[in-house]
Amino acid sequence: TATPAALLALAVALRALNCFLVQTSFVPDEHWQSLEVAHRMLFVILNIHNYGYLTWEWTHRLRGYAYPLIFASIYKALQLLGKDDVLLLIWVPRLAQAVLAAFADVKLYSLVQHLENAETAKCVFFCQLCSWFTWYSCTRTLTNTMETILTIFALSYYPIKGSKMGSSCKYLALVALAIVIRPTAVIPWMPLVFSHFLQEQRKADLLLQKCIPVGLVTVGTSLIIDRVFFGEWVLVQLNFLKFNVLQNLGTFYGSHPWHWYFTQGLPVILGTHLPFFIHGCVLAPKRYRVFLMAVIWTVLVYSTLSHKEFRFIYPVLPFCMVFCGYSLKHLKAWKKSAASFLLLSNLIPALYTGLIHQRGTLDVMGHIQQLCNTSEQSRASVFIMMPCHSTPFYSHVHCPLKMRFLQCPPDLTGNQSYIDEADVFYSNPLGWLNKEFYNDTLLPSHLILFNVLEQEISSFLALRSYEKTVTVFHTHVPQGRVGSHIYIYRRTTETDY
């Protein structure tokens, strides 16, 4: 069997490679709820630069500063070392996430090794490393990624029957930390904590000596961090719950049928692991039922909310991998063929989604960033005419360039006729532009748009002397307002940029 050090070295090397082979964008939150906030925390609060942008979730106190603080600390370290170069600001947080993901992979291996044996542990480890969705997500700076990593760490200390590594304090502390970072982490842990409570002989001790002190320390720490950055006492977890569950305002960002997670969500993130997962569920011993309960319960709870996304159920993927590994180990004569099938069938989606699908919105930031290095930076201004939060912002530019994008905060006042700026723009792009930029002095020097918009505003572009300077590939599957390519238009005037 591999030594823990050798296993960790392998996992770190693989996840570092994983990190560099993911050059696409997944969802806006990977930048807007982490790096953008961290960039602003460091450079605005320390009065180093007076730029940065926070989305409406922060002005409405829906998110906490605990997670961005990790990246702000990385930024601060880079700045102290005089290495706050834009490339390092982009990649070092991602690499830090990759190293944490590698530790989580090894934790999953050691958990199964303690519960079963080295052979089963190897199969689970293999399934975890093969998973295309884990490859796609585990090095991104998403709260869902950190929630998943902390869930694996907590799982390794969970007192399941037969585990010698169980530690109530450690696992509860990790669960509490996951809840502070993303309140939804409470969902998969409900059946696990409840099951632990039922099995525990000394129930009062568990509650009074472990649950309550751990809860008070983590919530207290979260409150203090948010007090420092918001300037007032606020329990963001409560606001988050109110917005997403009680008011169900998440529907503003789209809604799906109740069965979506069963018919699309889980089958897609599991991919070709699905038959192995089902087979593993049938084979696995009784004590693993609590893991299956956590998966089913989480999918059921999320099914009741109308706004659904693949990443929401990402934290239950490691539970599924335990069953997949169990299945693989029991295939005996077919084991090698099955492993080859898993590897090859996951390789294609992992590389395609990591290197090709939706890469334009990140690539275009490299072109915008180049404006920082020109003598015209003070006069340059960029207007991003794309669905809001399509691109990252100052964390990928790192200079006080004038930038603007179409806004789309949801209405929290109950106004039935409310339409956000992006929707107003897309209902009549040409009319909106003529009204907004009625005076030539207001015109941005650079416009960023998807190719699907070009035809509609061509007269505005021609009349205002804009010329196309850059074309960037984005996706093979354009949908609605999102085109296959992104164009950069530059205004040519007497005082050229």
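Every residue gets a Cβ built from N, Cα and C, even glycine.
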Quiz prompt | Stretch carrying transmembrane segment according to TrEMBL (options 86-102, 290-306) | solution = 290-306
Quiz prompt | Segment assigned the feature transmembrane segment in TrEMBL (from 111-131, 216-236, 258-278, 447-467) | solution = 258-278
Quiz prompt | For the transmembrane segment (258-278): best-contacting stretch of 171-194, 290-306, 312-328, by Cβ pairs under 8 Å | solution = 312-328
Exercise. Take the transmembrane segment (290-306) and find every residue of the same chain, 6 or more past its ends, with a Cβ under 8 Å from one of its Cβ atoms.
Key: 160, 187-192, 195, 244-245, 248, 250-251, 255-256, 258-262, 265-266, 281, 284, 312-313, 315-316, 319-320, 322-323
